[in-house]
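Novice: Encoded as structure tokens, here's the structure I'll be asking about.
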Amino acid sequence: MVLVATLFSLFTVSLCRSIPRSSPSSSPYTQATDLKIHDPTVINANGAYYAYGVGEHIVIHQAPGLAGPWKQIGSVLDKDSIIPKGDRAKPWAPTTIEVKGTFYCYYSVSNAGCRDSAIGVATSQSPGPGGWTDHGAIVQSGTGQGSDEHPFNEVNAIDPAVLVTGDKGHLVFGSYWSGIWQVPLNEDFSSVGNTTGLNAHHLAKHPKTERVNSQDQNPDPLCRDSSGRRPVEGAYISYHAPYYYLWLSWGQCCDYDPNNLPPSGEEYSIRVGRSESPHGPFVDKQGKELTQGGGELIYGSNNDVYAPGGQGVITVETGDILYYHYSLYRYSTHSLYTFANLDFNQGCTLFIQ
């Protein structure tokens, strides 16, 4: 209860008055859980909570509650991904959902800084380890089947999330380049059908980072964006009537050097927009579309919290919970998991009518 109350206070402040990193003392300290995880996805199934994250064959943790204690119980895959590209041993940014008794774990394979990527899926009748079947790639960018079709010829196909509306599934994905996209899944929730003429929706795009780094000069066209770096990724869509909320991880992610951090404000932060349609357009508090660089800053670095992101939303009996990972200023190489209540009744998603 202390953890939830403290985090709720934090979000009452941060959601209503977007706290800048330059004023870390204005935000309470986040209460850490015992779970070290990057890009978590959390579900409630069979009377327990399961967290899936980046790690060998997609690591699974289990806990009796969101606050833990968390215990590593195994992995989704029992061997490397069958997709022949990227980091097959440690797939990125998994998202797990349950539809009609089947569990679907969507994952990414890629190499850092390049868009020769793919999103795959594994299925099981149980949320825990064992019994998962790897079905391979759903969509690909850079190379592979369908990668020359719109929008896959301009996106980085990683960071999957799936929104379910009725009996329909919508695959949300993207990182840097042209930003965040959504395409419809087939009824099997494991394929998108013919990629030619696919009904794709553009959801968000970063306006461009002016600062130049070595990646901008990479001779491989799949490992640079000639229009400039556009750091937005990790999208997730939640629903709280009457709006759909598009949550984004905005800024530079991962592998921070505590002695050489990015310029203030360029590290990960959580932003959001909303729409009455699951396909957008999503707008921020000022009415700016997220495809035009909009996005309300909900939570950024403060106190000892550095670069929060990799967020998702889970609905429990008490309401909607936003979970995310973050690093510590003093030791920014590990990602920690925590969560906070979302209070829509108080207007604390920054959309105060």
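Any Cβ shown, glycine's included, is placed from N, Cα and C.
The active site, proton acceptor annotation in Swiss-Prot covers Asp39. Here Swiss-Prot flags Glu233 as active site, proton donor, drawing on similarity to another entry. The N-linked glycosylation site annotation in Swiss-Prot covers Asn194. What Swiss-Prot records for 202-227 is region 'Disordered'. The annotation signal peptide is assigned in Swiss-Prot to 1-16 on the grounds of sequence analysis.
Walk me through where these features lie, including what they touch and how far apart they are.
Specialist: Neighbours of Asp39 (active site, proton acceptor), defined as other CB atoms within 10 A of its CB across all chains, total 26.
Around the Cβ of Glu233 (active site, proton donor), the same chain contributes Asn156, Ile158, Asp159, Gly174, Ser175, Tyr176, Ile180, Leu248, Ser249, Cys253, each under 8 angstroms and 6 or more positions distant in sequence.
Other Cβ atoms within 10 Å of the Cβ of Asn194 (N-linked glycosylation site), summed over all protein chains shown, number 9. Asn194 (N-linked glycosylation site) falls outside any helix or strand according to DSSP and counts as coil.
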Novice: For Asn194 (N-linked glycosylation site) and Asp39 (active site, proton acceptor), what Cα-Cα distance in Å is obtained after rounding to a whole number?
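Specialist: Asn194 (N-linked glycosylation site) and Asp39 (active site, proton acceptor) have their Cα atoms 29 Å apart.
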Novice: Under DSSP, is Asp39 (active site, proton acceptor) helix, strand or coil?
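Specialist: The residue in question, Asp39 (active site, proton acceptor), is coil (DSSP, three-state).
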